[in-house]
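Here the structure comes first, spelled out in structure tokens, and everything after it is commentary.
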Amino acid sequence: MTLVLNRMLRHEVILGVLLVAALIVLAGQSEHFWTADNLLNQGRLMAEVGLIALPMTFVIVTGGIDLSVGSIFGLSAILLGVFWQNMGLPLPVAMVAAILVGGIAGLGNGFIITRFKVPPLIATLATLALYRGLAEGISQARSVRGYPDWFFGLGQGEVLGVPSQLWIMIVCFVIAAFILGLTTFGRTTYAIGSNEVAARFSGLKVDRAKLLIYGASGLIAGLAAVIFVSRVSTTRSDMGTGLELDVITAVVLGGTSIFGGRGTVIGTGLGLILMQALKNGLALSGVKGDGTIVVIGAVLIAAILIGNLLSRDGD
Amino acid sequence: MSNLLEVSGVSKSFGPVKVLKEISFDVRPGEVHALLGENGAGKSTLIKIVAGVINADEGEVRLEGKAVRFASPREAAAHGIATVYQELLLFPDLTVAENIYLGHAPKTRWGALDWNAMRAGARALLDSLDSPDLDVDTTVGKLSVANRQRVEIAKALSHDAKLVIMDEPTAALADADARRLMDVVKRLRDRGVGIIYVSHRLPEIFALADRVTVLRDGTYVGTKPIGEVTEGDLVSMMVGRAIDHLFPKVDTTPGETILEVKNLSYRNTVNDISLTVRAGEIVGIAGLIGAGRTELALTIFGITPATSGEILIDGKPVTISSPDDARRLKIAYVPEDRGSQGLIRPQTVRENVSLAILDRIARAFVVDRRQEGSLARQAIERFGIRTRGPEQRVKQLSGGNQQKVVLAKWIATEPRVLIMDEPTRGIDVGAKAEIHALMSRLAGQGLAVLMISSELPEVLGMSDRVLVMRGGRIVAQFDRKDATPDAVGAAMTAAKAGASLESAPLGFKGAAAL
Amino acid sequence: MRKTLFLTAALGLTMGVGTAAMADSPWTGGDNLPTSPLACDNTPGAAAAMPYDGGAVTGAPDLKGKPIKVVDVPKLIGIGYFNATSKGIADAAKELGNVDAKTDGPTQANIDQQVSFLDNYITSGVNGILFAANDPVAIAPVLKKALSKGIHVVGYDANSQPDAREWFVNQAQFNGIGKALVDDMAKEIGEDGAFAIVTSTFTTPNQARWIAEMAAYQAKCHPKMKWLETVEAQEDNNLSFNQATTLINKYDDELKGIFGMTSVATPASAEAVTQANMCGKIAVVGLATPNAMKPYVAKDCVKSVVLWNPVDLGYAAMYVLRAVVDGDLKPGAKSVKAGKLGELQIINGSEVLLGAPTTFTKENIGNFDF
Amino acid sequence: MTTETPALSRLVPVRRWKSFFESYGQEFVILAALVVLFVGVGFYNPRFISANNLTSMFVGNAYIAIAAIGMSMVIISGNIDVSVGSLIGVLGTISGTMAVNGYPVILCWLVPVLIGMVINAGVGVLVAYVKIPSIVVTLGMLSILKGGLISVTGGAWISGMPPEFMIAQFRLFGLPSSVYFMVVLTALAALWMKYSPFGRAIYAIGGNPEAARVTGIRIQPAIVGVFTIHGMFAGIAAILFATQLQVIQSTVPPNLELTVITASVVGGVSILGGTGTVIGSTLAAILFAAIGSSLVFLNISAYWLRAVQGLMILATVLADMARRRRI
């Protein structure tokens, strides 16, 4: 059993070591880094990317990819404002509706991918442009502001001293880890990514699973958008631009194979934390933003490289 | 006469499995040297070593007296060795002409590829294969399997080869095409080319070969001039044991009809099929490649839902529009291609065995690992899967054990109808007998078994009834006692039974084994 | 053929939708906030005295005269304009001698990243923050957090909500810019000329504000001028160039002038006019930094460029921040001293006015290097 | 040719129109869409199809078409490059900086192209030999190049390049040089892809790597080669990009990689590898330019541009799927 665990978690172990090393170095660079305040705050800042990375892990484990999450994020954000201000819906209803629209947009991706057998990269490249265009067209580039105070509790408030969105993220993280690791749905996800034909031939509901996964990806992007709007108190149609690259980087850094079939939610969590720790820690130790980007790119390649080299003599 | 090719003491292992053990044989110029052996005997591996695709672990290959060790197929080709592969290594998006000349295309004075010469050459080659109907400008992806085979052969011929290796070139060809090909082979031979010819069609070998070498389970059995052996000799050299063991069919009394299919059609590949399978009965389906057998199975199993017709289980009509539907109706399908359709190769035995019954071993969607583990251990024991344990990845198992995993996965669903497509393709003789025994035992327990096989001995040895398909239709039906190789073979190829040996090419493997 | 149908249908559909959307909103690119156009002559706008409406810092240590650490987070880094403000800040810091200032920020004008940058610097413990907001509302929470941690906050270029910072250095009032630009254009192309606008994006607050003020002022004071359309071009050189060229092609002789609303769009528009050989026939008026405009001004393709001096803007912002830290600038003050710029006037409660925008012409443009 | 093939005197029938149409189906569709667009919008506003506007459409987007040539090759080989936008930004900046610092103009043009080839050869090595998926390598490169560029330059604008450096502004027979570059490079690349063994090898690797290996194609060097050539096209695109205007923004052009990938895909290059032509991607780049321009002429707000692009990709891909299924 330990042997199996080792094999399954090899990348996670490498990543964990990297993370610990990074944390130690970063903490040595700035006394502000290793403080509860800073760490909790980082949790707040990474909540949106973190949330979207969870369904993205599923997507990539099935061998797919979803480039449209940033655009769905923008679309949901804009619609939250439009539903609430222009259509006069009560804010809670508008929130739910905006999240649902995200889910529908995600289902749209899933539909194109399963029904027409369009490769996910292309399908979501198309909807990346399409959903962003809709967001811009619908909003006519106007921002919606002036939300009631209670709404900001979601993105700016705290529960038991921990940022509220961090709770949401932790709950979603546990649920995602549970689903992918322990349930029949998780097994189906891995089976699809390893060998979609064999999964289909084994009587698994492949299309339904993919539809659900892409739908969830959109839904969570919508949820993240609502949280984000609450954090920054305004909606704009350009929100979430380029978000997909951050999310995919975190997931791939977390050891999920871009070819599918391999990856864990725990790995994604580690990848996320490593990324955020680098962003924050390097900034605190005086490295500028552009330098941080370089380091993250290099760490991404290095992590996969090390993983490849180690697995070569493993298998 | 000096030897064109000499292979001496060649061994090769893949991981823990030793697939070739000290093989030696030789080929002379202007000779057709048949290579014979059961599936899994190591013929393909041996051919790949000669063709430079893989390297031998031990031993030596000498070409025209000089020791050679090819780093790549291109190097082998440069030395005048051309190969027609069994698994048709073509480029579906490229044209016929280009597929033939890729890698050694004619060039113009300026070094550009000469497409006109390429197309003219391809045309000429195909004409010499009596295939004037094949358009050199169409993409290979649009061709039928038989036509792709012709392209593959033309590709090998396009090299100015001293030695041509043909790996079951006639397997997918109908009678007339096969004869046409044999003419081509003879022409090559007369020109002084040495030919390694792999085929299961014994009559073909007798008509064509000068000498024959037999392999069994990766070992060299012997080389004989064709005149010195009979079919019976070759079969016993190949199989090396009594056939009774290979086909341990237990006589059963079939019970109620479980599966009934009425006028089932799928597009134009499955035409108006009607059949019944009863409990405890094994119904074999024979036919050539492309006869629509697998397509029929896929339609019953819901991968390609029927476009018309009816499927009945226990006399009640059912709708099967997905494999999931079929699974719920207790229909199981062990597919033709283990690697790509049957198994999740990177996953463990445990994960594969539970794949089709995940919902049943789950409590509130959570997979019960303990139950899963015991299921896997039971399967390992019951099916005699040779593995280090439930946590071994299936890609590390041998072909026969992989097939047992697929079978175990489906038996776990407690099916009432079991469809097996090429159940023993590419697995060694011992495992073959085990699979057959399992099949027989399952039927004995009341399963309705529908078996598709291209190995006529298997069909004849295991079936209670034999159906023959051709062109997507069922063209003949035999009871076990009436199913002779001649009769079934003739039905498959639409030739009259009792025709001469050469004109009754049996499109199946090891036909004369019975 | 089916594919062609597909494509045509998709195109048709989208264009139909697009046109419909266009039809019910004659959109100029301005925002929907109230405007306050200035008088057509040169009467200065009445600066209504307002009480201080900026935020208050809590628990700030007394650092009067002591060295402080300051970070400047502009909208984005890597464009000429903010390089210039950053230079001004550095100059001022050097002059003051007791300030350690650095500039850091996102590579795209992205609110999320800007907020993250500010957050990190708050944690790392700076004494003062200078900012140019990508979104006045989105940036407010993090700035308030800074104030609550005893960090002094001064904005420049693009404001936030007033209560999220202490002071804002206003380079020029929106209605002032609107008037200057439209008056310049009218002078060059006449009272009945037609013009178009190349802006960054319709969501950029400053640009949207200026356009709204321009539209109001034009309607009031130059009613016969024809407003053709406004196109978006991000902060992207090549896109701005393409858009300007397309406008020239589309309107041909009808188009007499192009407004460039950003320091990227103006030189790109000038380049488009130059490459179309329309120098002298199409006027380019806009906001731009002198360095980028020198080639066009030298060739007489562009007569004048309006811009406050961004180096001065950064310089002033740095001085204002130092004054706040030292306690020299308190709510209710009427003016503040800013080094070589002298006394700067305080308007609108908590805004420091930089002064009149500079007009760069062939004669003086060589004197500026930013 | 082999000696054993019988006489070649038998005439091969000329390629039938149908099969020609089949292999260039996507190109015809895009051409048709272009014609529809030109006729439709030209009818609405004749100035859309004035020589001036057509020229500016080509000029302003030639660099995208050129970058898409290399991208098409990479995708045909079964890989992808999401870092091309950053690479173009970096190379453009290098070129401009050299020009301002007085290096000979020839070097200012050649050195960035060479650097692009070296960088992408490195990417190719990581993909082919270290076996890291191309999307991961280039995702990493995207960050490294983008961040690195700004770290080094601070995003300062580069201006004051000598006029003889501005190659994109040279004119020949009244047409700007970028148009010639686009047409000539597309034609050369198309011929090369069609008539060179290496070009065919790219198709073979993307179509069926296992078969390619058995056919004797050395896959790993070929992949490195494809990325290197892609680097060359990115370098040329960067030079045109940098010399189009008097000023170089030394940052990474936003979303350029997506535009380039989209041009390739809409041009008929299958993301699964093995099919497509560089002519298609150039046509698609022109189509996008035309759509962008037409929106201004049709008075459609630029808000909808992205939505139209998204629908275009979907329509193209769905139609392609439908066409394939029918065959």
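Each residue, glycine too, has its Cβ placed from N, Cα and C.
Sequence annotations record features per position, and here TrEMBL assigns transmembrane segment to D:28-46 (among others).
The transmembrane segment annotation in TrEMBL covers D:58-76 (among others).
According to TrEMBL, the feature transmembrane segment maps to D:82-100 (among others). Only residues 6 or more beyond the boundaries of the transmembrane segment (D:82-100), in the same chain, are considered here, and those with a CB under 8 A from a CB of the stretch are 63, 67, 70-71, 107-109, 111-113, 115-116, 119-120, 123, 135, 138-139, 141-142, 145-146, 148-149, 153, 158-162, 165, 230-231, 234-235, 237-239, 241-243, 248, 250-261.
Among residues of the same chain six or more beyond the transmembrane segment (D:107-129), those with a C-beta under 8 A of the stretch's C-beta atoms are 79, 81, 83, 87, 91-92, 94-95, 98-99, 137-138, 141, 145, 165, 167, 219-221, 223-232, 234-236, 238-239. The transmembrane segment annotation in TrEMBL covers D:107-129 (among others).
Positions annotated as transmembrane segment by TrEMBL: D:135-158 (among others).
According to TrEMBL, the transmembrane segment annotation covers D:170-193 (among others). Long-range contacts of the transmembrane segment (D:170-193) within its own chain (CB-CB distance under 8 A, at least 6 residues past either end) are made by residues 55, 58-59, 62-63, 65-66, 69, 73, 76, 199-200, 202-203, 233, 236, 240, 244, 277-279, 282.
Sequence-distant contacts of the transmembrane segment (D:222-242), counting only residues of its own chain at least 6 positions beyond either end whose CB sits under 8 Å from a CB of the stretch, comprise 62-64, 66-67, 69-71, 73-74, 77, 79, 81, 84, 87-93, 95-96, 109, 112-121, 123-125, 127-129, 167-168, 178, 181, 185, 189, 198, 201-202, 205, 248, 253. Summarising the annotation, TrEMBL assigns transmembrane segment to D:222-242 (among others).
Feature annotation from TrEMBL assigns transmembrane segment to D:263-291 (among others). With a cut-off of 8 Å between Cβ atoms, the residues of this chain six or more beyond the transmembrane segment (D:263-291) that come close are 24-27, 30-31, 33-34, 37-38, 57-58, 60-61, 64-65, 68-69, 71-73, 75-80, 182, 186, 189-190, 193, 203, 205-208, 305, 308-309, 312-313, 316-317, 320.
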